[in-house]
């Protein structure tokens, strides 16, 4: 490893104190200091969320409260507010993540492993789609769903069925919207993998008599499972965290379809001022699924970010 | 089992900026049923493109490819009943050897699962890979992967085998072994095979016939010995044979009486009448002679009769290979031309020796200096062809 | 042959059906249509809306199109402030993120134990929703007992009203966003650093370069492509940063000094129902993004990276 060489030589040139150079100590001190920088806002939020009003006034914001200053009351309140939002967020995040991954993988296959003229132009449109600011489409999008589609009315025959509720129309709108806007980045992620796939292997499969569809189904799909994991993790956090679509398509924090981020944005607002412990508790509850996914699959997430 | 014909096949690639590149230019080859044909040439000569057109992986710009008199130009790859072995082997990494071999049968035939299983096992046994059937490609050595790739092609019992440099990823020893094995296998199966390689040794040893391509143009099709002894042009003469043929640029000077003298920088070579006839009135010529056809002797030993076929030379390097020595010569007094000679391994010739090189007239080739076309080829005793030196 | 024509036709049809574009279309066409409708058709629609006088409730009137919204923009002082703030945010945020990310990557690329854990921690904020991080930073910037004021209080400075003062607010927002995005830049740089062959480090060593000089002369120049792609992402984010500001200021209207085009666009449309005016700002945002995307994509295409 390159680092190895550098380290050994560096150790030789710098002052040594018991085998560890001062330079290395400084390096690690910097890194640990940076950990503080990146974690303090989060840590401070966490300790604040369990403080009683008195403790909030009396303790430092980054120190945990003493025994009597601890309360989980705010977590309970926040949870009561957010629970329906969490359910709604799950309801649109999971289906759109799966749809995005499937459609993106198919698009990447059709645009990468099957060769045809004009492919690059189509591909460029896909990739440019990643970078289009949502602001540029948000008014037509709102128009489309609220004026033209009105899924709630169109699908009204469904709401009598068990387990179905009218606000699922909004959820469905969000699923479709998130899927559509997620396709470009997912296509790019899959394409980056498919580009490295052996062309000869695909040709071998075609000579073996497999159709374009069978090559996808039997060769490409099984080989993309690791990339599916990356995409699931990356898209799940992206869609869960999204706010602008929730704000415009759902509209109100009181809407039965309100997502977790939407409810959080209005949590703890009152005339007396901001209830910080409640907000912090709400922030953690909202962030919980993404935090969990991130902590468990940090490497996959990083891989998704890199591409 | 099928006869395959290429008729004026042409492939033009259009680059993004509109430039057209002719990769294969009007190539016509008739490949007989059961034949082992080797397509050989330097890299970029169009041999792989030709193979890929037969496979259906590359469209054909012009001309026809026929399989048993049926035009297959527009037939998709999967319907051509052709199996291909790739340089990288192109095994499916997520499937076991068994699944790799069964894949083609599952996709291209209506055979039942049992029949497929039987055929896979029979083929695996024949190839000696039956103990590997349940392993994944990543668990196999290069040689084993190579065998699986072959087995995967064979199990399908295709009309034609196409092989694209299948041995080039193997180490030298294994390559030599697989060369023989492949040949035997092909003889046993009697399946028409088109084999692409850039390695002339493979071409010479394996092919029933070889087709030599350069810059997209077909140079010659013939048996290995034909191409070796009767090259159609200087390119073939140069490409086939290792070490390569010696070439000398010469001009013609009419001699007194019969014949002529070919005059080069260091060479004055007398040729007899039948060669002069072949030369006609061309003046710019190339004289070619294979390294093993030149004799050398120490000049101080027993001076050879100056018969117009000798030239004095100095040995610069001797490379012993065991059974023979490869000797590098500077020709003439000033050493302005060089030649390579192979001599018996037991000969005592050392660098710095002054020698006389003798080029026998029945071993020379004469090429047109402008078109490179062969005007005269060496005499071959048809009863006992000389073993090619490769 | 009498039926030559039909066989010819059939084979042309057959050929067309067998061609790769037709064979592959079931794969890319449905995603393309879905995405194309929601992205490109919507942009076109947005352009159309920006030419109307659509506001309030009801349907837009497409019969009377004109550039009045764009003219109105020129007379809107809020527009100028928002544009200025957008560029300050864009430049400040992008440059600081690039520098911080590069330093993090260089630190972590030096055979660090637990370098994965460090990386995971530095990237953590990027995995969180802006709505979540905005809550944390509101608490951090809190005037009375926010950590930022307490920290600088140690040096006898402050307290400041970070999010309330028009002079400080944009800087405070940039700082918080750098906190959230520098991990992302780091990841991009790290990937590029890891792809540099080891011999180059060694060759530079053999040539006698010091660590700092080696990085500066040999390694950093090779990070240019990574920097370009990170810059594109950061600039585009800076253009559309809305979520964070909305959550920080509890609504469509950020504190004075922090309004950017993205927030103004959403406010005009969804806060004030000035749909057509909002659309025209949206179109401006799109054109600005295009100014970044188009050269980038063209460059990628030229290098064969697409």
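Keep in mind that glycine also has a Cβ here, set from the backbone N, Cα and C atoms.
Annotations in TrEMBL come from automatic prediction, not curation.
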Exercise. According to TrEMBL, which of these ranges is transmembrane segment: A:200-218, A:219-237, A:238-256?
Worked result: A:219-237
For this session: Please figure out which one of A:25-42, A:90-111, A:219-237, A:276-297 racks up the most CB pairs under 8 Å against the transmembrane segment (A:166-190).
Result: A:90-111
For this session: Give the one range among A:25-42, A:219-237, A:276-297 whose Cβ atoms make the most pairs under 8 Å with those of the transmembrane segment (A:90-111).
Result: A:219-237
Problem set entry | Folded-back contacts onto the transmembrane segment (A:219-237), same chain, C-beta under 8 angstroms, at least six residues removed | 93-94, 96-98, 100-101, 104-105, 109, 113, 182, 185-186, 189-190, 193-194, 197, 201-202, 205, 210, 289-290, 293-294, 297, 300-301, 303-305
